[in-house]
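What TrEMBL annotates here:
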type	residues	note
REGION	1-26	region 'Disordered'
COMPBIAS	10-26	compositional bias 'Polar residues'
TRANSMEM	50-73	transmembrane segment
TRANSMEM	103-120	transmembrane segment
TRANSMEM	126-144	transmembrane segment
TRANSMEM	277-295	transmembrane segment
TRANSMEM	307-330	transmembrane segment
TRANSMEM	342-362	transmembrane segment
TRANSMEM	437-455	transmembrane segment
Amino acid sequence: MTRELDPQVDASTETTPLTGGDQASSSRGIKSRLYVSHFLSTWNFRGFEFGAVLFLASIFPGTLLPMSIYALVRAGTSIAFASQIGQYIDHGNRLKVVRASIIWQRIAVVFSCAGFWVLLTQKTKLPVWAIYMLFGVNVALGCVERLCSTMNTVSVERDWVIVIANDDESVLYTLNSQMRRIDLFCKLMSPLVVAMVHTFSPQIAILATLGVNGVSMVVEYGLIARVYRVIPALASRPEWITYGSSDEEQRSSFVQRFVGQLRLIGENINIYKQQDAFLASVSLSMLYLTVLSFGGQMVTYLLDSGYTSAVVGLARVVSSFCEMSATWIAPWLMGKIGPIRSGMWFLSFQMICLGTAVIAFWRFQEPLWAASALVLGTAFSRIGLWGFDLSAQVIIQEGVEAEYRGSFSTTESALQNLCELLAYVSTIVFFEPSDFKYPAIISIAAVYSSGLLYAKFVHMKRGHLLHYPKCLSREKFHHQRL
C-alpha cells in the first residue's frame, strides 16, 4: 500500500529513532515534544468539556435538561462514528490524522464558544427559535469536538506511543505512565481554572476558552509534527486488506451506503472480538458504567447531602492525588509481576474499596455519614481504577495486531461511551438524590462484573488466578501425598 507523504514532512528528514543508544538527548527532546503536545490537547479537551457544562448552566439556569441532552448526544455520536474513526486512523497517514484531529477540534471549540457567548449575552433579545437553533448548533459542534478528541487520543496513546517505544517495554511503561499523569493533571487543574474564571465572569471564561484553544492549535501541531519527522517508523503502515471504498461504492445509493456502514461496524466488532486483549478491554470498558467517580451525578448528590462546594472540591483533589499515585505504583508493580497480574491486583483493590463503601453507604441512615463513606471509598478506589487502566493499556498495546489498533481502540471507545450512557440513564430513572443508592448498586455490579471478566481473561492467559508460593504449590502438595 503506497503512502502519501504529508507535504510538510519529507521522508529524508526522518532519521532518529527514539531508542538509539547514542541519541539520549534527542530522545528526551522527542519525549518532551510529545508530552507538551499531549498536555495542550488534554488541557483544552478537559477545560472545554467542563466549561461547556458551566456555560450551559449559566445560559439555562434551574434545569439539567440542556446539559443532559448535550452530554447524551455527544456520547451517542462517539458510538455512532467509532468505526469510521477507527478506519481513518488505521489507513491514514499518521501525521495527517493527528493534524485533522487538532485543527477541527480547535475550530469546533472556537465556534462553539462564540455560540455560547451569543446565547449568554443576547438570550433575552433572541426569539425562542433562535435560542433553540443556536443550542442545536452548539450540540453539533460539541459532537465534532468529541469525535476529534477521540481521534487524537486513540492515535497518540494507542498507536504513536507503541511505535515510539520500539518494542522496549521499559520505554512503553514510562511513556504510558507519563501520558496518564498528564491526563490526570489536566483532569484536575483545567476544570479548576475554568471554574475560577467562570466564578469571576462567565463571559470572560468563554472568551478565555476560545482564545486558549485558538492560540494553542499552532503550537500543538508544530510539536507533534517534529516528533513525526524524527521517528521513521511513524511514516510506515502495515500491509493489509482495506475496507472497500471503490468508485462503484461511492456512487451507490444511500441504502447501500448505510448497509455498508453496518457491515463495517460488524467487521470492526469481529476484529475487536478476535484480538487477544478482547476480554481485558471489555473489562476496562465496563468500569465506565459508574456514578461513583466524582462526576456530575455524584457531585450533585453530595451537595444535596450537605457537602459544600469547597469540601466537594477538596474531595476531588484527594481523589486526583490517589489517581496520580497510581501512575507511579503501576509501572513499578508491572515491572515486578507483569501487567496481567498487576491488573488483577489493582482491580481487586478497586472492588474492595467500592464494595466496602457501598455497604457502609446502605448501612448509615444519616445522609452526611452515608455520603462520607461513599467519598472515602470512591477516592481510594481510584488507585485501583487507574492502576488497572495502565495495566490494561499495556495488555491492549501488546495484544492487538498493529494493523487493527485504530479499529480496536475506537470500538473500545464506543463500548466505553455506551457504558457511560447507561450510567446517565440510571440517574435519569432514579433522579431523586434520595434514590442515589440504586445507581450506586448498579455501578458496583458493573465493577464486580468487570472483575469476573478479567478473572476469566487471567485464567485463559495463565491457567490459574492465584500465584501460589512455592511452599503451597500444587506439585509439592501432590508429592507430599505420595
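Cβ coordinates come from backbone N, Cα and C, glycine included.
Non-local neighbours of the transmembrane segment (126-144) in the same chain are 52, 66, 69-70, 73-74, 77, 104-105, 108-109, 111-112, 115-116, 118-119; each lies 6+ residues outside the stretch with a CB under 8 Å from one of its CB atoms. Among the recorded stretches 103-120, 277-295, 307-330, 342-362, 437-455, the one sharing the largest number of Cβ pairs closer than 8 Å with the transmembrane segment (50-73) is 103-120. Counting Cβ pairs under 8 Å to the transmembrane segment (437-455), the top-ranked stretch among 277-295, 307-330, 342-362 is 277-295. Residues of the same chain lying 6 or more positions beyond the ends of the transmembrane segment (342-362) and with a Cβ under 8 Å from any Cβ of it are 280, 283, 287, 292, 326, 330, 333-334, 336, 370-371, 373-374, 376-378, 380-381, 383-385, 387-388, 391-392, 395, 437, 440-441, 443-444, 447-448, 450-451, 454-455, 458, 465. For the transmembrane segment (307-330), the residues of the chain that approach it from at least six positions outside its boundaries are 177-178, 180-181, 184-185, 187-188, 192, 294, 299, 342, 346, 368, 371, 375, 378-380, 382-387, 389-391, judged by C-beta separation under 8 angstroms. Note on the transmembrane segment (277-295): residues 312, 315-316, 319, 343, 347, 350, 354, 357-358, 374, 377-379, 381, 385, 388-389, 392, 395-396, 398-400, 408, 412, 415-417, 419-420, 422-423, 426-427, 436, 439-440, 442-444, 446-447, 449-451, 453-454, 456-457, 460 of its chain, located 6 or more positions outside it, place their CB under 8 angstroms from a CB of the stretch.
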